[in-house]
Amino acid sequence: MMAIGKFQSTNVVFHHATVTRARRERMNGHKAAVLWFTGLSGAGKSTLAHAVEETLHQLGCRTYVLDGDNVRHGLCGDLGFSVADRHENIRRIGEVAKLFTDAGNIVLTAFISPHRADRDWVRSLHGEGFIEIHCRCPIEVCESRDVKGLYKKARAGEIKDFTGISSPYEEPDKPEVVIETSDMSLDDSVDAVLACLRNRKIIDPVHNVIESNVICTPSPFGRGLG
């Protein structure tokens, strides 16, 4: 499991607030959670995360998406893609996500997060509120969606440490949800994630929902995620 790292701060004491996470959750009308979307570049993580957020927002939930590219414009702009930098990238996101959940929000994170140990560390940080969602997609399909041209550059040797080409991706062992993004429609994928949230009573439950611990069955009519 990933080490948190050596804390350099000394003589500091954690101050516990009187307004707790539970009180914020009651005011929000839903529980807090981290929806951790993981998968190869082009697997549909950001597309699905934003689609789920849109649906939750329309339901009146307090949400925020932390996107892998976006945070590297600011919070993680000083990091590269070495193993050490990838560890630190996920450590920072895990801690930021904890601030959001302490505020009673549902935070959706869209990161390749290729190392299983890093994801397991974030899970240990959040406990039961952590929901791992594996956006599973064949690499050839991911390459066909490569609007950024990243796979082409990686295969040409222009990008080093590119996940799936020159750097490994470790699939989750037991994710809460698996979405086959090359087969399932976006609507079906959103429904599968929401079913998990309802079953775990993070949002209000409804009748006839999918069990939260099953692998979502691909739809033969799905158009796939972009």
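Cβ coordinates come from backbone N, Cα and C, glycine included.
Heads up, TrEMBL stuff is auto-annotated, nobody curated it.
What TrEMBL records for 32-180 is domain 'APS kinase'. For the domain 'APS kinase' (32-180), DSSP puts the residue distribution at 64 helix, 29 strand, 56 coil.
Residues or ranges marked as ATP binding site by TrEMBL: GLY39, LEU40, SER41, GLY42, ALA43, GLY44, LYS45, SER46. Cβ neighbour count for SER41 (ATP binding site) (all protein chains, 10 Å cutoff from its Cβ): 24.
Sequence annotations record features per position, and here TrEMBL assigns active site, phosphoserine intermediate to SER113.
For the pair GLY39 (ATP binding site) and SER113 (active site, phosphoserine intermediate), the Cα-Cα distance reads 7 Å. Taking the C-alpha positions, the distance from SER113 (active site, phosphoserine intermediate) to SER41 (ATP binding site) comes to 10 Å. Model confidence over the domain 'APS kinase' (32-180) stands at 95, taken as the mean pLDDT rounded to a whole number.
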